[in-house]
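Trainee: Okay, here's the structure, questions in a sec.
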Ligand SMILES: Cc1cc2nc3c(=O)[nH]c(=O)nc-3n(C[C@H](O)[C@H](O)[C@H](O)COP(=O)(O)OP(=O)(O)OC[C@H]3O[C@@H](n4cnc5c(N)ncnc54)[C@H](O)[C@@H]3O)c2cc1C
């Protein structure tokens with residue numbers, strides 16, 4: 001099979017940095033496997049057990065790999081620690097890809113768990129057959145702590161891996177979310193697995209009464225829990241801290257419902273500090289005690305409130321809308337008058353005085369924010385695809401405040417590109433973009449380009465264009481900026497940008513020979529990220545330095 005006949009998703013993994021990563025990552029695992037194998041094989045005290053030969057060497061090799069992966073699997077989920085480390089270490093470790101890394105560890109854990117279990121099954125059968133110990137395979141499997149915890153862990157893995165599959169996550173997120181909390185029991189099984197004391201230089205296990213319930217005088221090589229447990233301690237401490245933090249005083253101050261049914265929830269939480277573009281977990285115990293949903297902060301740190309814009313798409317968001325008296329029915333249709341094409345600045349405000357008192361809100365966060373370096377670039381290109389526009393609402397607002405305060409840092413120009421599938425989605429940030437657009441005094445500083453990618457017949461497009469001639473506002477977005485139809489051509493966008501930076505017309509008054517720092521920030525689906533990154537990187541030259549950052553939900 002030639003490499004060109006492989007599917008693109010596999011080909012991508014086998015080129016450039018990805019290939020180096022896979023070789024090193026798998027190399028590390030094979031190295032650990034070999035070390036575990038060797039330490040069993042070369043240990044004279046385990047000569048009797050080594051009579052089982054390959055199966056016992058394999059189980060020990062895979063066991064060491066599992067100890068390593070079990071230690072690090074929780075580290076990428078330490079969201080607060082990652083947030084703290086991000087500014088210092090993002091050049092060295094791709095901290096924004098923490099979930100991707102968590103998955104890479106999980107894949108290795110699965111592979112080596114299969115190897116470890118299979119080898120142990122052979123071990124146990126051979127113990128029974130050779131009677132190196134007076135035990136049956138069945139006894140070792142189900143009555144000894146090692147066998148018992150191993151099977152519990154396998155069952156939990158089966159549940160966790162299947163519900164973590166993309167299709168289940170998308171169709172029933174709760175199934176994935178709740179099942180993933182079985183990790184707590186998995187970890188207990190993991191830390192106590194060695195209590196079975198299978199690898200020993202004596203006939204009887206050397207149990208003791210205190211944790212880890214065996215003595216290392218005869219149970220040999222069972223030391224890994226000493227380092228493995230730190231991953232769990234760190235994660236557990238962070239979860240406790242998040243729980244405490246989320247219960248700090250929070251009060252809803254205002255609820256608005258925008259055209260298209262987007263619900264804007266404003267609240268104050270004096271203890272919470274955040275940066276533009278970050279997101280949070282929201283819980284409303286009255287709607288659901290256990291569900292925590294992520295939403296991007298749409299306010300800027302300078303605002304006297306914190307806001308999130310919520311699309312009412314499923315069980316939780318609709319129930320929240322209903323509890324707040326802000327169902328889609330209240331809003332959209334009455335605000336978006338299809339004949340007149342909607343009215344600028346319209347929303348319905350649902351104030352606490354209008355009905356029941358506002359419900360209790362719990363907020364866990366903030367998290368994330370690869371776009372926090374915007375002010376280090378001279379030219380910032382902000383690209384949002386669909387729902388991926390949300391972090392830019394806050395970033396654009398923050399830039400606007402900085403502009404007013406004359407604190408733009410190195411930032412000289414901003415290009416904001418939003419590509420959206422349906423016209424209905426424009427209602428999302430319409431009022432926010434309106435405010436920002438109105439506030440611009442320098443038309444060159446911020447340029448917005450809004451693309452509608454939905455397939456429309458040419459008559460409909462022509463109608464919209466004809467009707468908008470002479471109108472101050474675009475009929476679809478209700479902004480001064482005109483909607484562009486079709487997908488953005490990123491090749492053309494970036495080559496034109498590079499040409500005008502190099503030609504000196506883009507940053508007027510700047511020496512064309514100086515190096516311009518171009519920052520490209522993207523939020524949206526991964527396949528588009530690859531296209532944008534590739535096109536943006538083509539701008540890199542002696543005169544343009546390019547940085548690309550992405551976030552995907
Ligand atoms: C980092 C991040 C930021 C987000 N920002 C916004 C935002 O600013 N505004 C907005 O309207 N939406 C945002 N979302 C999406 C939002 O979290 C979901 O729309 C919401 O959780 C849907 O819940 P539901 O029960 O109403 O819908 P469901 O019908 O249960 O789910 C609809 C979709 O949301 C996904 N989803 C459901 N629950 C969760 C969860 N707890 N975590 C992650 N995904 C989930 C499901 O997989 C499904 O694809 C964001 C998601 C992420 C990951």
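Cβ coordinates come from backbone N, Cα and C, glycine included.
Nobody curates TrEMBL annotations by hand; they come from automatic prediction.
Sharing the record's features from TrEMBL:
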{"type": "DOMAIN", "residues": "239-373", "note": "domain 'FAD-binding FR-type'"}
{"type": "TRANSMEM", "residues": "20-39", "note": "transmembrane segment"}
{"type": "TRANSMEM", "residues": "59-78", "note": "transmembrane segment"}
{"type": "TRANSMEM", "residues": "105-122", "note": "transmembrane segment"}
{"type": "TRANSMEM", "residues": "142-163", "note": "transmembrane segment"}
{"type": "TRANSMEM", "residues": "175-194", "note": "transmembrane segment"}
Trainee: What residues in the same chain, six or more past the boundaries of the transmembrane segment (59-78), come closer than 8 Å to it by Cβ-Cβ distance?
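Mentor: For the transmembrane segment (59-78), the list is 29, 32-37, 39-40, 98-99, 101-102, 105-106, 108-109, 112-113, 115-116, 119-120, 123, 183, 187, 190, 199, 221, 224, 227-228, 230-232, 234-235, 238.
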Trainee: Can you tell me which parts of the same chain pack against the transmembrane segment (142-163), counting only residues 6+ beyond its ends and a CB-CB cutoff under 8 A?
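Mentor: Answer is 106, 109-110, 113, 117, 120, 124, 169, 175-176, 179-180, 182-183, 185-186, 189-190, 192-198, 213.
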Trainee: Considering every residue in the domain 'FAD-binding FR-type' (239-373), what is the mean pLDDT value?
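Mentor: 81, rounded to a whole number.
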